[in-house]
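What follows is a short report on a single structure.
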Amino acid sequence: MKIAVLMGGPSSEREISLKSGSAVAAALSGLGHQVITIDLNREVVARLKNFAPDVVFNALHGKPGEDGSVQGLLEVLGLPYTGSRVLASAITMDKIMTKRVLLQAGIPTPKFLAWTGAEYATGKKEIKAAILKELGLPVVIKAPTQGSTIGTFIVREEGELEPAIAGALKYDLSFMAEAYLAGPEITAAVLGNRKPQVLPLIEIVSHTGFYDYQAKYTPGLSDHIIPPRLPDDVLAAATSLAGRTYALLGCRGFARVDFIVAGGREPQVIEVNSVPGMTATSLVPDAARAAGLDFPDLVQKIVDLALEP
């Protein structure tokens with residue numbers, strides 16, 4: 001099979017995407033496929049037309065590869081591709097929209113507030129007061145369309161609030177403030193289309209105190225514990241919520257649903273990643289291995305799902 005792996009691109013997660021794409025390409029080549037890697041740039045359409053792949057493996061993290069833009073391009077070109085379609089990609093890339101959909105459906109997610117940069121510029125005092133009154137401290141400030149915790153800040157003192165908001169607005173035109181919940185962080189990898197399978201849950205323990213970009217991608221700075229050290233009923237609830245969230249948002253192929261387990265008892269969805277990392281330290285490959293799928297088998301399964309009608 002001829003497979004083009006899209007990777008790199010202009011996003012803040014470029015380096016991770018290059019690692020994911022390289023790992024995927026190596027696995028596919030090892031399975032006997034004819035594979036090329038394409039760094040997303042203005043030549044992408046010409047290269048895709050010239051190679052004429054049977055399927056495109058999207059290993060792009062962040063915009064424009066994860067927000068529906070590249071998905072729309074591939075739809076126009078008539079090329080099958082891995083992962084979620086345009087609408088699901090656009091919604092899951094935007095944490096604000098994701099949370100609004102989750103709340104409408106009654107899926108638990110931490111309380112949040114959101115503003116545009118323009119609103120903040122003319123109402124800083126009122127907005128900061130609203131955050132402190134409604135959410136208190138500590139509070140999490142996020143750039144809503146970034147991944148890998150880029151543009152995410154935990155604010156523990158009032159004086160840190162304004163710099164955190166400014167930091168988030170460096171990446172996006174809006175920002176969100178989210179209630180800080182104390183509890184274990186767990187994640188659920190989900191695989192499938194019409195009948196998605198939730199893979200074994202993983203508890204994430206960061207040795208830096210916060211599962212940030214460095215902790216995610218530096219070997220030895222975090223532990224992935226399977227199964228999480230939580231009661232069976234809590235794990236069952238998280239598994240059910242992961243499947244519901246995946247279906248609600250219209251995800252396809254594979255995705256990752258991240259949770260904070262408030263007080264060690266109440267799983268709450270914090271975000272959904274529609275193009276999860278596929279590097280040596282990534283969570284989805286770890287979950288797949290726990291389910292009996294080695295990395296090449298996982299990659300092949302994702303390709304097979306892309307070709308399903």
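Going from the start of the chain as shown, residues are counted 1 onward.
Using the three backbone atoms N, Cα and C, a Cβ is placed for every residue, glycine included.
Note that this is a predicted model, so its numbers are computed, not measured.
Quick look at what Swiss-Prot lists:
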{"type": "DOMAIN", "residues": "99-304", "note": "domain 'ATP-grasp'"}
{"type": "BINDING", "residues": "132-187", "note": "ATP binding site"}
{"type": "BINDING", "residues": "Asp258, Glu271", "note": "Mg(2+) 1 binding site"}
{"type": "BINDING", "residues": "Glu271, Asn273", "note": "Mg(2+) 2 binding site"}
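Known features from Swiss-Prot, placed on the structure.
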residue: Leu132; record: ATP binding site; Cβ neighbours (10 Å): 15
residue: Val139; record: ATP binding site; Cβ neighbours (10 Å): 24
residue: Gln146; record: ATP binding site; Cβ neighbours (10 Å): 21
residue: Phe153; record: ATP binding site; Cβ neighbours (10 Å): 22
residue: Glu160; record: ATP binding site; Cβ neighbours (10 Å): 17
residue: Ser174; record: ATP binding site; Cβ neighbours (10 Å): 20
residue: Leu181; record: ATP binding site; Cβ neighbours (10 Å): 18
residue: Asp258; record: Mg(2+) 1 binding site; Cβ neighbours (10 Å): 19
residue: Glu271; record: Mg(2+) 1 binding site; Cβ neighbours (10 Å): 22
residue: Asn273; record: Mg(2+) 2 binding site; Cβ neighbours (10 Å): 22
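Taking Leu132, Val139, Gln146, Phe153, Asp258 as the binding-site residues under consideration, the smallest Cα distance to Asn273 (Mg(2+) 2 binding site) is found for Asp258. DSSP classifies Gly167 (ATP binding site) as helix under the three-state reduction.
The secondary structure of Leu181 (ATP binding site), as reduced to three states from DSSP, is coil rather than helix or strand. All protein chains included, Gly167 (ATP binding site) registers 17 other Cβ atoms within 10 Å of its own Cβ. Leu132 (ATP binding site) sits 23 Å from Glu271 (Mg(2+) 1 binding site), taking the Cα positions as reference. Classification of Gln146 (ATP binding site) by DSSP places it in coil, neither helical nor stranded. Across all of the domain 'ATP-grasp' (99-304), the predicted model scores a mean pLDDT of 94.
For the recorded site, Leu132 (ATP binding site), the DSSP three-state label reads helix.
A strand conformation is recorded for Asp258 (Mg(2+) 1 binding site) in the three-state DSSP classification. A gap of 17 Å separates the Cα atoms of Ser174 (ATP binding site) and Glu271 (Mg(2+) 1 binding site). Recorded residues Leu181 (ATP binding site) and Glu271 (Mg(2+) 1 binding site) have their alpha carbons 14 Å apart, per Cα-Cα distance.
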